[in-house]
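**Q** Taken from Swiss-Prot, the feature NAD(+) binding site applies to 75-80, 109-113, 133-134, K146, K155, 173-176, supported by sequence analysis. If you look up Swiss-Prot, you'll see E188, H251, H268 marked as Zn(2+) binding site, on the strength of sequence analysis.
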Amino acid sequence: MAKFELYAEVDVSISGHQYPIIICRNGLIDPDLINRFITSKQVLIVTNRTVAPLYLGHLQSVLPSKQCDVVILEDGEEHKNQRSLFTIYDSLIQNKHHRDTSIIALGGGVIGDMAGFAASTYQRGVRFIQLPTTLLAQVDASVGGKTAINHPAGKNMIGSFYQPQAVIIDLNTLKTLPEREFRAGIAEMIKYALLVGGSFFERIQEVLQQGLTVHSPELPLLIAECCQVKAKIVEQDERESGLRALLNLGHTFAHALETYTDYKKWLHGEAVAIGLYCAAVLSEKKGLLDKPIVDQVEKMLIHAGLPHKIPNSIDLIQLRELMSLDKKIKNNCLRFVMIKKPGACYIDDSVTEDCLHNTLINVVEGEQK
């Protein structure tokens with residue numbers, strides 16, 4: 001059996017609940033590691049049709065003494081809905097899972113969101129372990145305890161805050177990740193670079209210029225740093241009453257774009273990439289961000305192989321209406337994360353309709369800034 005290899009461990013402490021984020025190789029097939037967090041006799045593994053053929057058997061093999069049930073869902077954001085959620089509930093109930101059961105999320109952000117929400121609500125809460133298999137889930141979605149399903153009216157409209165027992169990031173799972181999915185995860189890394197600034201921003205710029213791949217030696221520690229950044233923010237503000245809202249940089253635009261296209265045109269990270277560029281242009285329009293930094297953001301997204309412009313087929317008026325459904329609205333004001341410079345971001349609820357519309361026009365494909 002391949003030997004367990006530890007790169008880093010990030011400790012998270014939220015509201016008295018402590019858990020580790022373990023960045024490693026061969027963690028998925030290490031019985032000591034998995035059973036350290038699965039103390040229950042019953043386990044439900046939630047995964048999807050893409051991941052199951054690759055890793056489900058490996059995970060089941062380290063849980064031979066457990067009642068190990070499995071739910072295999074359709075893959076994709078468009079399936080993060082009530083029907084999929086009730087498929088999880090149905091399996092838990094039909095297989096007589098008790099309150100001391102454990103749910104394992106084996107997959108990307110969609111699986112983590114749904115399995116986590118099921119764990120937070122089944123019998124008022126059961127143990128939950130994240131095994132993220134995409135870069136986006138490893139650096140962002142699996143960290144911080146946000147769980148949700150989508151509603152036809154908007155993304156993540158129904159959800160909860162619920163922390164896992166552990167997050168086990170086995171980097172070997174990235175070897176089978178499609179190139180497009182890997183690049184989508186880089187968008188969240190660029191987001192962290194903009195939030196943190198300083199040497200981290202410069203380092204992300206540098207590795208993107210060189211060409212970041214799944215084989216890049218810098219990748220394990222970059223993932224660990226992203227997890228550390230998010231963990232520190234979430235520890236201070238679990239329920240997004242202030243500081244944590246900064247993690248939504250670019251997401252007001254991104255969620256509206258995803259809803260507009262019924263989650264079928266872009267991966268979440270690709271929509272975030274466009275949202276980051278929109279946020280940079282909006283910050284420039286407000287006189288906050290220097291044009292050279294906007295150009296740097298654009299180059300980072302291009303180096304990452306990510307989209308950054310809004311297709312000219314999108315109805316901008318309808319897009320703005322979808323933004324008005326955003327969960328981040330407070331006192332009827334749409335709130336955007338603005339960038340003064342990398343490492344200096346803040347929440348702004350004074351963006352006018354004209355300023356927002358001018359920003360959207362400027363980021364449409366074929367338009368000049």
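Don't overthink the numbers, they just go from 1 along the chain as shown.
Keep in mind that glycine also has a Cβ here, set from the backbone N, Cα and C atoms.
These figures come from a predicted structure and were not determined experimentally.
Neighbours and distances for these, please.
**A** Using a 10 Å radius centred on the Cβ of G112 (NAD(+) binding site) and all shown protein chains, the other Cβ atoms total 27. Annotation note: G112 (NAD(+) binding site) sits in a helical segment as assigned by DSSP.
A simple way to gauge crowding: the CB of H251 (Zn(2+) binding site) has 25 other CB atoms within 10 angstroms, across all the protein chains here.
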**Q** Quick check: with E188, H251, H268 left out, which same-chain residues have Cβ atoms within 8 Å of the centroid of the Zn(2+) site Cβ atoms?
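**A** My list of surrounding residues reads L136, D140, A141, A187, K191, G250, A254, G269, A271, V272, G275.
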**Q** Looking at the binding-site residues listed here (G109, G112, T134, T173, T176), whose Cα lies nearest to that of H268 (Zn(2+) binding site)?
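**A** Nearest candidate: G109.
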**Q** Which chain-mates of T176 (NAD(+) binding site) that are at least 6 residues away have a CB under 8 A from its CB, listed by sequence?
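**A** Listed in sequence order: L54.
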**Q** Within a 10 Å radius around the Cβ, which one of these binding-site residues has the most neighbouring Cβ atoms: D75, E78, E188?
**A** E188
**Q** Under DSSP, is E78 (NAD(+) binding site) part of a helix or a strand, or is it coil?
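**A** Note: E78 (NAD(+) binding site) is helical by DSSP.
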**Q** Hey, how far is E188 (Zn(2+) binding site) from G109 (NAD(+) binding site), Cα to Cα, in Å?
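**A** Rounded to a whole number, the Cα-Cα distance is 12 Å.
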